[in-house]
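Marked as Zn(2+) binding site by Swiss-Prot: Cys15, Cys18, Cys37, Cys40. The ATP binding site annotation in Swiss-Prot covers Pro120, Thr121, Gly122, Ser123, Gly124, Lys125, Thr126, Leu127 and is backed by sequence analysis. The domain 'ClpX-type ZB' annotation in Swiss-Prot covers 2-56.
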Amino acid sequence: MTDKHKDSSKQFLYCSFCSKKQHEVRKLIAGPSVCICDECVNLCNDIIREEIKDVVKNSDIQILPTPHDINNHLNNYVIGQEQAKKVLAVAVYNHYKRLHHDTSHNNVELGKSNILLIGPTGSGKTLLADTLARFLHVPFTMADATTLTEAGYVGEDVENILHQLLQKCDYNVQKAQHGIVYIDEIDKISRKSDNPSITRDVSGEGVQQALLKLIEGTVAAVPPHGGRKHPQQDFLKVDTSKILFICGGAFDGLDKVIERRMDTNNSIGFSAIIKLGSDQLNEDKLLTQVEPEDLVKFGLIPEFIGRLPVVATLNELSEEALIRILREPKNALTKQYQALFNLEGVELEFSEEALIAIAKKAMARKTGARGLRSIVEGILLETMYELPSQLHVEKVIINEAVITSNTKPKIIYREPDNKVS
């Protein structure tokens with residue numbers, strides 16, 4: 001009689017939390033006088049994960065590296081551009097300090113410190129922004145301004161930038177709101193003349209207008225799956241006032257605009273003095289004298305310039321700087337390829353003359369640091385193709401002739417082990 005009673009009670013086991021019976025769930029875990037189903041376990045896990053996210057989010061704001069710490073980290077990955085790194089370090093520190101300040105009870109409202117980077121191709125603009133984001137452990141995304149159009153026209157809406165940022169943090173809105181957005185080629189959306197256009201300029205001034213609110217700070221409605229907005233779909237609300245926007249561009253010809261202004265103001269002043277140096281030195285020095293009115297003359301609208309209060313200029317990299325980039329940073333190009341060859345059990349060596357030749361080639365191409373990888377990849381292509389099929393290779397040596405005369409790298413073989421055990 002007792003055994004029969006026990007058997008009947010087993011048939012009526014149910015979850016102590018949701019009251020679902022055993023046959024209604026996939027798994028029911030029983031404990032002393034209590035049971036829990038797999039659905040409730042998953043729900044508890046979700047609740048705990050959200051709590052942990054909130055704790056991590058709050059602790060990240062509390063622990064803020066100083067401008068010195070930020071600059072020192074940038075030095076590990078970015079060669080040269082000392083003034084730009086210092087400007088960025090202070091601006092980034094002030095931005096995240098402002099976010100922390102917003103949580104305190106103070107009536108003083110701090111403005112955003114969005115950043116405009118001006119410098120030639122391959123000078124390190126994108127690398128600076130990416131390195132900052134990785135150091136601060138915040139989401140980072142990069143957008144190309146030339147692909148953006150006004151809402152309603154063929155192309156990408158500016159809100160797609162936020163969608164890309166959300167993707168980087170698994171659609172965690174709170175985390176995305178502490179992220180960094182880098183908009184490249186911002187100079188390419190300048191209007192064609194100083195006067196406002198009476199026709200639609202959907203990829204120039206129109207994009208600047210579309211970006212205004214986004215950069216300044218607004219609550220944007222972002223489609224969860226990207227693309228165009230539809231009235232039927234739900235939107236994610238993203239507060240962009242907490243997102244740091246960094247815009248960058250080469251601004252070819254801006255030095256001439258600055259020079260004309262300075263010549264008009266004082267023909268025997270700074271502009272006349274720097275003409276005594278080299279052309280590149282002139283351009284670098286002129287860019288450091290940039291004023292908002294110069295950017296307006298170039299084609300950016302005043303309202304857009306006002307949203308980018310911090311301006312940092314980057315110099316064109318010298319041959320010496322390119323050589324340092326090849327070997328000094330923690331993720332230097334030569335170190336990356338040496339690690340790649342080590343996976344094959346082979347040592348890769350670059351002679352000093354080879355590094356100089358690579359730098360000279362990049363200077364001739366006028367591609368800056370960006371062109372270094374394509375040069376190194378080109379000279380190592382055949383070796384990397386053949387190496388996995390070759391036996392007993394001990395070392396590969398890249399000398400100057402490999403770069404300048406397209407000769408094959410020197411390969412040193414180890415003695416085969418012929419000992420019979």
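In case you wondered, yes, glycine gets a Cβ from its N, Cα and C as well.
Shown here: features listed in Swiss-Prot, placed on the structure.
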residue	record	Cβ within 10 Å
Cys15	Zn(2+) binding site	21
Cys18	Zn(2+) binding site	13
Cys37	Zn(2+) binding site	24
Cys40	Zn(2+) binding site	18
Pro120	ATP binding site	22
Gly122	ATP binding site	23
Ser123	ATP binding site	26
Lys125	ATP binding site	24
Thr126	ATP binding site	16
Leu127	ATP binding site	20
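Within 8 Å of the centroid of the Cβ atoms of Cys15, Cys18, Cys37, Cys40, where the record puts Zn(2+), the same chain has further Cβ atoms from Ser16, Phe17, Ser19, Lys20, Val25, Leu28, Cys35, Ile36, Asp38, Glu39, Val41. If you take the C-beta of Gly124 (ATP binding site) and look for same-chain residues 6 or more apart in sequence within under 8 angstroms, you find Val78, Ile79, Gly80, Gln81, Ala84, Leu314, Leu317, Gly368, Ala369. It is 45 Å from the Cα atom of Leu127 (ATP binding site) to that of Cys40 (Zn(2+) binding site).
Residue pair Lys125 (ATP binding site) / Cys40 (Zn(2+) binding site) shows a Cα separation of 49 Å. Within the same chain, residues at least 6 positions away in sequence whose Cβ sits under 8 Å from that of Thr121 (ATP binding site) are Ala250, Lys366, Thr367, Gly368, Arg370.
Of all the binding-site residues in the list Pro120, Gly122, Ser123, Thr126, the shortest Cα-Cα distance to Cys40 (Zn(2+) binding site) is found for Thr126.
DSSP assigns Cys37 (Zn(2+) binding site) to a strand in the three-state reduction. For the pair Cys18 (Zn(2+) binding site) and Gly122 (ATP binding site), the C-alpha distance works out to 60 angstrom.
In this structure, the CA atom of Gly122 (ATP binding site) is 57 Å away from the CA atom of Cys37 (Zn(2+) binding site).
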